[in-house]
Ligand SMILES: *Cc1c(COP(=O)(O)O)cnc(C)c1O
């Protein structure tokens, strides 16, 4: 970031906030649909949606209405009391999962917390080992971090909670070998259906089914982290269900609340019974306002047929980018509106910067993948607009001097 972009607000951020994020390049003040507006009045097409969170875009009328009327009615009760919205949301998620066994929900406020709950459920099996994928991402709290297969993220915070071991993502044989070292002590396997933060990495066809089979064979819980892939993001309500798999635990967050902070840990069958009274909790989890937002998101996905829309638009967006045949683009991977543009050179950061200069928000993951996770309401016109703008963005990124 160049000094002339630094305004007073950004320097106040630098002073007032902890240094864990680095200095953001942009000050945003409002949003409508897929568009956000910066402090200087400039508009951007938001193709990252607050990291796959703003599923209905910004200020969607259904979310605004649900949140406003709920906060005016009953804003918070804690889990000491029943309120109708939390029950309705739990039941709605159960019916969307469409599994035979009963489903129980635990609500929290983030993806990391949903995975912490899953971690504790795993411990309650009486077994201690948890197997997680290399390059996976499950969050920044200690339990979620322990399951995150990225050593550099864990290293500054060691020692980690014990018992987590890692296997190469998508490698059934390696996972089987690891399980078989101590099957009776293995509590759970946790996987993402597509690795999101890890660079939009898809496992080989059939991998989730293989994990399911292996877990069933040894009485191991299968935890599927759908924090990023869930709630229609990949062109299916749940990527794991689309793959024909019934996990024991599914974790959700990001897109669920349409911008409101909410996470969910869903236990299917026995897994839903393992936490007993007093063993886990959260003050804000299941907050009526956040639950109302989630219900509005789920209802809109249904009434606007967004699952099919995301599938179609994702395929269109991926195909159009590949069709550009630009020398910096190797291929596009991912599913639905969770796409990774794989570059032929380590220029992801430069693409992110050039895109922003052209009025588009995208996200570099790693050095050579650009992630697109736009609102699910993205239109064909917006796809066309971005694809038209992309060649000069890619040219600029190719020519740009490497920024750090
Ligand atoms: C983002 C993410 C998390 C962490 O969610 P937070 O809300 O940031 O705690 C966990 N798992 C996956 C797959 C994610 O993409």
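Every residue, even glycine, has its Cβ placed from backbone N, Cα and C.
Automatic prediction, not curation, is the source of TrEMBL annotations.
Predicted, not measured: the structure shown is a model, and the values here were computed from it.
As written in TrEMBL, here are the features:
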BINDING   111, 112, 137, 225, 226, 227, 228, 283  pyridoxal 5'-phosphate binding site
BINDING   140, 282  N(2)-acetyl-L-ornithine binding site
MOD_RES   254  N6-(pyridoxal phosphate)lysine
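The binding-site residues under consideration are 228, 282, 283. Their Cβ neighbour counts within 10 Å are lowest for 283. Of all Cβ atoms in the shown protein chains, 30 besides its own fall within 10 Å of the Cβ of residue 111 (pyridoxal 5'-phosphate binding site). Listed binding-site residues: 112, 225, 228, 282, 283. Those with a CB atom under 6 Å from ligand 1: 112, 225, 228. Max Cα-Cα distance over the annotated pyridoxal 5'-phosphate binders (111, 112, 137, 225, 226, 227, 228, 283) is 25 Å. Each of the binding-site residues 112, 227 was scored by the other Cβ atoms within 10 Å of its Cβ; the lowest score goes to 112.
Cα-Cα distances to residue 228 (pyridoxal 5'-phosphate binding site) place 254 within 10 Å, out of the recorded positions 140, 254, 282. For residue 227 (pyridoxal 5'-phosphate binding site), the nearest of the recorded positions 140, 254, 282 in terms of C-alpha separation is 254.
Around residue 140 (N(2)-acetyl-L-ornithine binding site), taking its Cβ as the centre, 14 other Cβ atoms fall within 10 Å, counting all chains. Sequence-distant contacts of the residue listed as 'N6-(pyridoxal phosphate)lysine', defined by Cβ-Cβ distance under 8 angstroms and a gap of at least six in the same chain, are 51, 52, 53, 111, 227, 228, 230, 231, 233.
The Cβ of residue 137 (pyridoxal 5'-phosphate binding site) lies under 8 Å from the Cβ of 148, 149, 150, 192, 195, 196, 197, 198, each of which sits 6+ residues away along the same chain. Considering only the binding-site residues 112, 225, 226, 283, the residue whose Cα is spatially closest to the Cα of residue 140 (N(2)-acetyl-L-ornithine binding site) is 112. A sphere of 10 angstroms centred on the C-beta of residue 225 (pyridoxal 5'-phosphate binding site) encloses 32 other C-beta atoms. Non-local neighbourhood of residue 226 (pyridoxal 5'-phosphate binding site): 192, 193, 238, 239, 240, 250, 251, 252, each in the same chain, at least six residues away, with C-beta under 8 Å from its C-beta. Recorded residues residue 225 (pyridoxal 5'-phosphate binding site) and residue 282 (N(2)-acetyl-L-ornithine binding site) have their alpha carbons 20 Å apart, per Cα-Cα distance.
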